[in-house]
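Taking it in order: structure first as structure tokens, then the write-up.
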Amino acid sequence: MQKVTIQEAEHLLQEIMSEEDDRFQILMKDERKGVQKLISKWYKQKELAQKEKEKFLEMSKYENALREKGLTYIAGIDEVGRGPLAGPVVTAAVVLPKDFYIPGLNDSKKLSEAKRERFYDEIKAQAIAIGVGIVSPQVIDEINIYQATKQAMLDAVANLSCTPQYLLIDAMKLPTPIPQTSIIKGDAKSISISAASIIAKVTRDRMMKELGEKYPAYGFEQHMGYGTKQHLEAIEAHGILEEHRKSFAPIKDMIQK
């Protein structure tokens, strides 16, 4: 192999998958700083990819154990929006295929918005079935947030295009005859729950951005309905909306004044 330019070396390293590759051995002997920097970057990327693979395998253990028992339709369930002062609580139920693989999958709160959006599209493309449950602020006020979250989760399961044989749920138990396991911090421990958390988060964020367009003075597209200083000041200045949860403090206290 003739001596390559730094740019050519970069392209080569994108193709090279193993240190055993003859081209890699030649680049290793290239003493130019630019090439050595690229090799160092290649090693770091390989190390990150290996860590992501190990994390993904660790997060697949619940699903794999159930598949070994002959189950196919395993639904991961998670919610987003229990804490905000405005907007709905949104849940998702996701059934993934056996060969599903998205390295870097994690709890939606730990991912950047760009990564969440990309993973959302990939999950949509690969999933066997996805169901979403949405419960309005009015119903939250009527039955309380805990019951509303349960209801949204049951709705998400009902909206699946297949009947799940088992449920993996993030920190909740559901009144359903379908066998289930409740996993604390499940969105970081199960790929199905993690996928559900991403679907729920992106779905709710998009709804809140639409609310932001409808009520530009409130900044919903920034705080997603949570009780930030900006949001509380907007409520003081412009009033309480129908999208606000009247049973949540401090809105409840504002109404009683």
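Even glycines carry a Cβ here, placed using N, Cα and C.
Listed in Swiss-Prot:
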type: DOMAIN; residues: 72-257; note: domain 'RNase H type-2'
type: BINDING; residues: D78, E79, D170; note: divalent metal cation binding site
Environment of D78, E79, D170, the listed divalent metal cation site - residues of the same chain whose CB lies within 8 A of the CB centroid: I77, V80, T91, A92, M153, I169, A171, M172, G186, D187, I193, A196, S197, A200
Which listed residue (D78, E79, D170) has most other Cβ within 10 Å, given these are binding-site residues: D78
PLDDT averaged over every residue in the domain 'RNase H type-2' (72-257): 96
